[in-house]
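Q: Swiss-Prot lists His21, His106, Tyr195 with the feature Cu(2+) binding site, giving similarity to another entry as the kind of evidence. Residues or ranges marked as O2 binding site in Swiss-Prot: His184, Gln193. Per Swiss-Prot, disulfide bond is recorded for Cys72-Cys198. Per Swiss-Prot, N-linked glycosylation site is recorded for Asn158, Asn237, and the stated evidence type is sequence analysis. Sequence annotations record features per position, and here Swiss-Prot assigns signal peptide to 1-20.
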Amino acid sequence: MVSFTKTFFAIVACALGVQAHGYVDTLNVGGTQYTGYLPYNDPYTTPAPQRIERPIPGNGPVTALTTIDVQCNGENGGGSSPAPLVATIAAGGKIAFHWTTWPSSHVGPVITYLGKVPSSTDVTKYSPTGSDVIWFKIDEGGYSNGKWAATDVLSAQNSTWTVTIPSSLAPGQYIVRHEIIALHQAQTYPGAQSYPDCFQIRVTGSGNKTPSGSYLVSFPGAYTATTPGIAFNVYTNFTSYPIPGPAVWTGN
């Protein structure tokens, strides 16, 4: 029997579902600070600010996880568009993403992917299709020791999530896809809320490895209604959570 506390929390979470959400407003790439795309400022500024982040429409979620918008959010629906700038980072370097205020009710995982840009293509002109199997996971945080990555851990880290680029990763241009999946309404599908932000980087160094096989996925394609962790009732008694997507590629 579900406790009164969990039932009350579920009601509150549903009420909050249409209220404030979040996005990455700043990030540090290999020691250099960048401002992310600011959806309530950048579209109304002339000249338009130059960013490394692909445009997002606002702080709201993508709930149709089988559409192109799940890739990098949708600037105006139908997917996002490339950004004009590219950040440079050495393999083995760190990227720290700072999120705007995140609701405590929006529990869930924090996941980061990289997408390899074809060598003959400029990332500032590249928009992956939904059939491009280029994305691989380099970091994830879910539910551990009673704490959720998207709320408890992120809050304890001053709204900042830091990932490391695998030191063996081959040089080239990549798209970084950093995402929170909020599960407060995910009892059934559709219900899970994806908040993806995408950034353009150039990786340098002497690495010579890239993942293959089951490490690679497409967006859309990586998540479906039956993917473990997409439909998940956080108001029941549970001890673990299956993070959606492929296994993390560590560079081996």
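Numbering starts at 1 and runs along the chain as displayed.
Note: Cβ is positioned from N, Cα and C throughout, glycine not excepted.
Small disclaimer: the values here were computed from a predicted structure and weren't measured.
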Q: Determine the most Cβ-crowded residue among the recorded positions Gln193, Asn237, using a 10 Å radius around each Cβ and all protein chains in the structure.
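A: The residue with the most neighbouring Cβ atoms within 10 Å is Gln193.
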Q: Which of the recorded positions Cys72, Asn158, Cys198 has its Cα nearest to the Cα of His106 (Cu(2+) binding site)?
A: Asn158
Q: Taking the recorded Cu(2+) site as His21, His106, Tyr195, identify the other residues of that chain whose CB atom sits within 8 Å of the mean position of the site's CB atoms, giving them in sequence order.
A: Gly22, Asn59, Gly60, Pro61, Trp102, Pro103, Ala150, Ile180, Ala182, Gln193
Q: At a 10 Å cut-off from the C-beta of His106 (Cu(2+) binding site), count the other C-beta atoms across all protein chains.
A: 25
Q: By the count of other Cβ atoms within 10 Å, pick out the sparsest of the binding-site residues His21, His184.
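A: The binding-site residues His21, His184 were compared, and His21 has the fewest Cβ atoms within 10 Å.
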Q: Between Asn158 (N-linked glycosylation site) and His184 (O2 binding site), how many Å separate their Cα atoms?
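A: So the Cα of His184 (O2 binding site) lies 22 Å away from that of Asn158 (N-linked glycosylation site).
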